[in-house]
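Remarks on the structure that follows.
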Amino acid sequence: GFFQSYAVEVVIKDASNATCLYARWMMRFLIKYETNSSDYKNVTLNLPSEVTHNGSVCGSDTEAALLAIQFGEGHSWSVNFTKTNETYQGDFVTFTYNTNDAAVFPDAKRKGPITIVAKDDMHPVQLNSVFVCHNIDSFEAENVTQIYWNATVQAFVQNGTIGKKESRCRADTPTVPPTIANVTSVPATTLSPAPTTSPSPVENPDTGNYSLKSGNKTCLLATVGLQLNISQDKPLLININPKTTSADGTCGNTTATLRLNDGNSTLISF
């Protein structure tokens, strides 16, 4: 389960010994890596009970704050924060895992540190407020899924005192139940059946050409039109537009992965 990882708490202080950056959270990493036999394995990298936070920076009006930790056999993770006159927010998340750690990555084909950089989706938070997210949040980038939960973060702490006002993530915000309108009874003779309407037809999706390269050689080609049929309260059809869709992925000797991103929060992986 997710909650078997250790919680991390980091308190960064400035030259006057006042707290300038505080964070407490839990996280783990799901990593897909290639072995010497050219197949792929999935492993889970959890945080150990002890981490270091070398290189963390308080930040200022002109310098980004940096929360950085190091753990295990050469693994590290960091996020930098930028601020305006009224808010702060996460900017980029950088994760480095070391495949020389044979206990986690047995028989890894590629040896050494591998770094993943991704955009942080943290929304702007008012200065002197604490960002809180208890629910699980995750994102995927370059064969790594980063998973976070029970997070409490405040960058650019003012006067060395952690703020009391909380800014919750979207996952923690309860949904508002729909308002029920007042219903007035009317005689049955005044009611008439509602006209039936046929659903609007959805056009066929445009065909896109997607490709991957390994070095200078093309290793995967796909010519395909894609339409998603999503089952919700009402069926929802979505056409993937090749003009706004980007492709990436990996090619191995026996497996290949094609990932499509339509730029509207729809990710498809083959």
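Just so you know, glycine gets a Cβ as well, placed from its N, Cα and C.
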Between CYS133, CYS219, which residue forms the disulfide that TrEMBL gives for CYS169?
-> CYS133
Pull the DSSP breakdown for the domain 'Lysosome-associated membrane glycoprotein 2-like luminal' (205-269) and write it out as helix, strand, coil residue counts.
-> 3 helix, 40 strand, 22 coil
